[in-house]
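Take a look at the structure below.
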Amino acid sequence: METLEITQEKALTPDHIVQVGSGFWASRTVLAAVKLELFTLLGDNFLSGENIGRHLNLHPRSLYDFLDALVSLGFLEREGIKETAVYANTPETTFYLNKNKPSYMGGILEMCNDRLYRFWADLDEALITGKPQNEAKYTGKSLFDAVYADPDRLKQFLNAMAGIQMGNFMALAKRFDFQDYNSLCDIGGASGMLAISVARQHPHLAITSADLPVVAPVAEENIKRHGLANQIQVANLDFMFDDFPKVDIITMGNILHDWDLKTKKLLIWKAYEALPPNGAFIVIENIIDDERRTNATGLLMSLNMLIETDGGFDYSFADFKEWVTEAGFRITAKLPLAGSTSAVIAFK
């Protein structure tokens, strides 16, 4: 008997299109939960929907839709259903979104909610004009001029940068071999968290966190809180105009992507000039894959630079190798860190 093999072509569906196109539904649900401090309220406990609603002053109409949407998105755990339900954090939200824990990284989500969400509404205009759509559009001030002039915005910005990079800083401290180096300067050190992460793992290093004077008190407070004031120095530095300190390692976390190509090359050259032979220049960012196909986070971050800056953009490892080789560096390497982020390294 002849057997017929029936094959069925995979049906086309609009599911992916709809999911991505309406992705702001999920985003706003999570951002609202962060703003309301839901994950901090839950802490390590289970709470009923009624208790959550009462503590957060939520209207009962969509209370369970809100909480159960977070369950379906993987941000909450639940036992029971509706009025009989109790809710708890997942291991991830307990660790990263509870403000009472030092591992809190919700600062980036707070900034997404308060700043970036409304600016991204004008992405189409940015794509047509090539102009930023943030404070610069309304006040004429650049991102950094606007943020650094407002203490509350500055604090939020620094918390956001620390939050988005903390896992990467910790991974760098564990995965890069610092043994043969004696000194490190983090250019654009912000709140000092890269310096702190490396110092905790490598007590032999003399470390400097360098940034504008307005940032220094935040870095000094964090360094003191971690008991590292004897190992980490905070230095006032305008990296556009000042020479970089002479050290064995220079690091930059989310710095290069803020600037146009000419400025990127200037900062790379300044790092080269400051380093000794065999010195290391380490850059931590969402490095785009060389084929520009798979690292969606890196590509979307580059669009965020369109929203936020006059000329900034993210780049691939191939781009980085070209620029640092032009500056005189002799060896390059790429070190995967957390998620879609990598450290790209140039050795003098």
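Even glycines carry a Cβ here, placed using N, Cα and C.
Those TrEMBL annotations? Automatic predictions, nothing curated.
Secondary structure at His257 (active site, proton acceptor), taken from DSSP and collapsed to helix, strand or coil, is helix. Taken from TrEMBL, the feature active site, proton acceptor covers His257.
What TrEMBL lists as domain 'O-methyltransferase dimerisation' is 22-98.
The domain 'O-methyltransferase C-terminal' annotation in TrEMBL covers 120-330.
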Q | Chain-internal residues near His257 (active site, proton acceptor), provided their CB is under 8 angstroms and they sit 6+ positions away | A | Glu285, Asn286, Met301, Ser302, Met305, Gly312, Phe313, Asp314, Tyr315
